[in-house]
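> There's a structure below that I have some questions on.
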């Protein structure tokens, strides 16, 4: 942000310049005397322009972020599913009245910074402000209006002050089930993937739409978890609303127009300054994914022109009859995230940071899918996009380059019937190794870019009829280099069910040609593998696990950075001692 002030006490002395007003706890004082000293002032704003000074902006912006963080904690503590309370697969967001992002919880999924505000803008098209009332909550999981797959349920609450819409509190969370076939990569169209919720009011004036609740309950395998998470999201929205209105009352704000403008314009200026430091030109990058029947090719052309970046994915393969298609909103979100991590990592994400970046892809392509394309496993392709942007920018900024990461994250979905005829539906995530860089080795087993946490083994075993035999680092999987790639992980579990159950995997980088590439002479990381009963299987289709059946999962390693001959012997000795390598 702008400045690094820790805070201002009740009796901090500030000097107000000409045309500046200072206020604290809603009491405003002002002077035309540039030398006059105010005591007890914590907020300063130019009366003519409405702009905040840098210190005040830092304080106000940090408060917005803290509201989303507090809401995230409330969501985790009140949620029912492991997706939220263990894996942190959610986001809490504040936008201005027009749906432009201001703040996002710091421990949530980075792509949602882009998708949630976009969904809120779609909400406004369907429900203009005059059709909304306090305590209304809008909802959808539409693939093309939301995050790109049906399990992500987006909700948003309009925040009113004196009858005027001043902001939105938004949240998205990955539901443990959304009906349809068990989530897998081989669904052919979106209709197979579950219940589609159009834009509607889930709550009207604080009252749940009971017809909607009954439809949702009827269509999912674990209704208590799904509805429990949804009510937890409502709680998070209520908390954001209360904290935001409290801050506005404290500071005497009637709206957030000037604060939002300051956040957006200063953030945009910072991003444009970073872009302007790059040489103009077109930087190209290619990525290969496993695909299903055959690998899929992605082509990126990142163009720097002045203070703007445009990214085009023309030349990428067409959408397919499988659930690995990516909608343009998700493509834009993760492409922008990769650019931000390289050029402006220390400014919190908001609409201003995204303004200089545009992303396009041909309609009907794998990165701009059109109905009725399935998208339940869109992360298997979409998670490659930030790395493509990082590697493209490394052509202009080699010192910031990173060898390819062993992402996307892997997902295991389990569904079946217990001995007592109750239904279970559970999922957990695994991760590969991070890529090596100029300054350090890749981190072992890191969730990037998704920021998903690992579910504890005890929780997995409690919710599913399986026994985990081991979960450990996968030795020797990081690519060699001056700085080696991070290692993947391996896990084995066995069925302890008396009945067969269904498991599906969302695994990527299992083909040699899709392994995480090294950079500047570094070696590729090892590809991953999925085995059922000791034999390799197709990791993108459903499998039936019989009683006493076993599953082994081996995630990929990250790519190495730099010439392996330059790696220090001391580092190699430490790798062997720590079990990262065998030789």
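Heads up, the Cβ atoms here are built off N, Cα and C, so glycines get one too.
For reference, TrEMBL lists these features for the protein:
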DOMAIN    53-564  domain 'Hydantoinase B/oxoprolinase'
REGION    474-495  region 'Disordered'
COMPBIAS  480-495  compositional bias 'Basic and acidic residues'
REGION    547-583  region 'Disordered'
COMPBIAS  564-576  compositional bias 'Basic and acidic residues'
> Across the whole of the domain 'Hydantoinase B/oxoprolinase' (53-564), what does the mean pLDDT come to? Round it, please.
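The predicted confidence over the domain 'Hydantoinase B/oxoprolinase' (53-564), as a mean pLDDT, is 97.
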> With DSSP helix as H/G/I and strand as E/B, how many residues of the compositional bias 'Basic and acidic residues' (480-495) fall in helix, strand and coil?
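Helix (H, G, I), strand (E, B), coil: 0 helix, 9 strand, 7 coil.
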> Using DSSP, tally how many residues of the region 'Disordered' (547-583) sit in helix, strand and coil.
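Per-class counts: 12 helix, 6 strand, 19 coil.
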